[in-house]
Amino acid sequence: MPPINTPRRSDSAISVRSLHSESSMSLRSTFSLPEEEEEPEPLVFAEQPSVKLCCQLCCSVFKDPVITTCGHTFCRRCALKSEKCPVDNAKLTVVVNNIAVAEQIGELFIHCRHGCHAAGTGKPGVFEVDPRGCPFTIKLSARKDHESSCDYRPVRCPNNPSCPPLLKMNLEAHLKECEHIKCPHSKYGCTFIGNQDTYETHLETCRFEGLKEFLQQTDDRFHEMHVALAQKDQEIAFLRSMLGKLSEKIDQLEKSLELKFDVLDENQSKLSEDLMEFRRDASMLNDELSHINARLNMGILGSYDPQQIFKCKGTFVGHQGPVWCLCVYSMGDLLFSGSSDKTIKVWDTCTTYKCQKTLEGHDGIVLALCIQGCKLYSGSADCTIIVWDIQNLQKVNTIRAHDNPVCTLVSSHNMLFSGSLKAIKVWDIVGTELKLKKELTGLNHWVRALVAAQSYLYSGSYQTIKIWDIRTLDCIHVLQTSGGSVYSIAVTNHHIVCGTYENLIHVWDIESKEQVRTLTGHVGTVYALAVISTPDQTKVFSASYDRSLRVWSMDNMICTQTLLRHQGSVTALAVSRGRLFSGAVDSTVKVWTC
C-alpha cells in the first residue's frame with residue numbers, strides 16, 4: 001500500500017457510489033433521510049475493493065457497517081430498510097457497529113475528490129478520475145485531512161465574489177493582481193477599491209487610518225456589550241422557564257401528596273391482613289416439613305449418579321465496566337479480573353468470596369492478565385505492562401511495552417510474551433524488571449490470542465495460527481484457518497483449538513497438525529476458550545459474543561451443555577480446581593461448578 005498523500009494514478013481506478021462523510025454517518029445512524037436529500041460525495045477507489053467489504057443488500061462498499069442478530073454484516077441504512085437477511089432469511093435487527101470492518105474500509109486508498117469528476121455515463125453518484133485534477137491517492141479515513149488543505153480545492157477570491165473561481169494553489173498569485181482589494185476601513189465608510197499597488201498608496205492618505213486604534217477599541221466594546229446582552233437575555237429566558245416549571249411541579253406535588261396519603265392508608269390495612277395470612281401459612285408449612293422429615297428418616301436413601309452438569313454457583317459484582325480478562329492465582333485462591341473501568345479487582349475464591357482489593361494504575365482498558373511466580377502482569381489499551389507483587393498487591397514496575405494496545409499476555413520459561421498489532425514481544429523476567437529479548441514479526445494483524453504449552457508458543461492473528469519454538473523463538477509451523485481473526489486459542493493433550501471472529505471453533509490434531517473438526521453453534525465471535533482435563537475426559541469451554549458459554553466434549557466433539565446466565569457478551573474465561581470463571585460485558589464474573 002502506498003503512504004498517505006502519495007501521487008499515484010491507477011489505470012484501473014474503480015468508480016463506485018459515494019460514501020457518506022463521518023459526520024453524516026453519525027447523523028444517519030439516528031435519523032432516516034429520504035434519498036433525494038442526500039448529496040453524493042465523489043468516491044473513486046484506487047484499486048478494486050475486496051468483495052468481503054461489500055454489502056450483500058446494496059452490492060456497494062459498506063457504509064457505516066453494523067452486525068445484525070443473524071451474525072452477518074450490512075450497511076446500517078440497508079439493515080434498517082430491509083426486513084430479512086438475504087443469506088439465512090432471518091429477521092434483521094442491528095446489534096452493534098462492526099468496528100473491525102469499518103477500520104478495514106478506512107484503510108482503502110481513494111482518489112482525492114478534487115481529482116474526480118462526474119462520469120460520462122450520466123448516472124448520478126458515479127465518478128471517474130479527472131486527469132486535470134489532484135493526482136494524490138489517500139486513505140479513505142484520512143480524506144478530510146487531505147481535502148481540506150488540497151491545492152486543487154476550489155476557492156473564492158476573498159476580495160470580491162465576482163472574481164472567477166480559483167484553485168487554492170493559484171489564490172496567492174491572484175491576490176497580487178486582484179483589482180478588487182477593499183480598504184480595511186470600508187466598514188466605516190471608506191469607498192476605496194483597487195489593486196495591491198494603489199492599496200498601499202491609499203493607506204498613506206486614508207482619513208480612517210489615523211483613527212484605526214480608536215475604531216478598533218470602539219468595535220471591541222460594542223462586541224462585548226452585544227455578548228453581555230445576549231447572555232442576559234438567555235439567563236432571563238432560562239429563569240422564566242424554570243419559574244413556570246417550578247409552579248407546575250408544586251401543583252403536581254400537592255395533588256400527588258394527597259393521593260399518596262390515601263394509598264398509604266389503604267396499604268397499611270392490606271399489609272396487616274397479609275401479614276396475618278403469611279403467619280398462618282408459615283405455621284402450616286412447618287407442620288408439613290416436620291411430617292416429611294419424619295417419613296424420610298424411616299426410609300433408606302439410595303445413591304444417585306447424575307450426568308456431570310455445570311451450574312452457576314455465584315456472581316462477583318463490583319466492576320463499573322465490561323470485564324475483558326481473568327487470571328487465577330491457585331496458591332492463594334485469588335481471582336484477578338481486568339475491566340474497562342481501568343482497574344484490576346482481586347477476589348477471594350476460597351473463604352469470603354469478596355473483593356479483597358482494587359488495583360489502580362492503568363490509564364486505559366485492562367485487556368490482559370498473566371501470572372509468573374508471585375508476580376502479576378497486566379496489559380492495557382494504554383500500551384503499557386504493569387508488574388504487581390501478589391504478596392502485598394502493590395505495583396512494582398511499569399513498562400512502556402508497545403506502540404498499540406497490549407491485547408494478550410502469557411508466560412513460560414521465565415519469559416513473558418505480549419501481543420499487539422502485528423507484533424509479539426519477548427521479555428526476559430529479571431526480578432521486577434522486564435528486559436526486551438526479541439520481537440517476533442511477520443504477523444498479519446492484531447495478535448489477540450497467545451498460549452504457551454510445553455515448549456511451544458501458539459499465536460493467533462487474521463486467519464492464521466503460528467507455532468513458535470520457545471527455546472529458539474523461531475516459527476516452526478503455520479496453521480491456516482477460516483472465519484476471520486483468531487480471538488482465542490486452547491491446547492489440550494491431543495488437540496489445538498481456536499475461536500474465530502465469525503462464530504467458528506476449529507480443531508487440529510496436535511501431532512499431525514491436520515484439521516479434524518469445525519465446531520458450530522455460537523452466533524457471535526468466540527472471545528475465549530478454556531480447558532478442564534480429568535483422567536476420564538477433556539472438556540473445552542467456549543465464551544461468545546452471543547452471551548452464552550458452551551461445554552464441548554473432546555471425546556466426540558459435541559456440545560454437551562449451553563450456559564446462559566450473563567446479560568452481555570462473554571469475553572473471558574479462567575479455570576481453577578475444577579471451577580470455571582467467566583467474565584462478561586455485563587460487568588460481572590460468574591463461578592460455575594459441577
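Any Cβ shown, glycine's included, is placed from N, Cα and C.
Here the structure is a predicted model, which means the values were calculated and not measured.
Record features (Swiss-Prot):
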type: COMPBIAS; residues: 15-29; note: compositional bias 'Low complexity'
type: MOD_RES; residues: S12; note: phosphoserine
type: MOD_RES; residues: S15; note: phosphoserine
type: REGION; residues: 1-33; note: region 'Disordered'
type: REPEAT; residues: 318-357; note: repeat 'WD 1'
type: REPEAT; residues: 361-398; note: repeat 'WD 2'
type: REPEAT; residues: 401-437; note: repeat 'WD 3'
type: REPEAT; residues: 439-478; note: repeat 'WD 4'
type: REPEAT; residues: 481-518; note: repeat 'WD 5'
type: REPEAT; residues: 565-593; note: repeat 'WD 7'
Residue numbers, six or more beyond the limits of the repeat 'WD 1' (318-357), whose CB comes under 8 Å of its CB atoms: 363-371, 376, 378, 380, 388, 390, 393, 568-569, 571-577, 579, 581-589, 591
The repeat 'WD 1' (318-357), counted residue by residue under DSSP: helix, strand, coil: 3 helix, 22 strand, 15 coil
Secondary structure content of the repeat 'WD 2' (361-398), with strand meaning DSSP E or B: 0 helix, 24 strand, 14 coil
Secondary structure composition of the repeat 'WD 4' (439-478) [DSSP: H/G/I, E/B, coil]: 0 helix, 27 strand, 13 coil
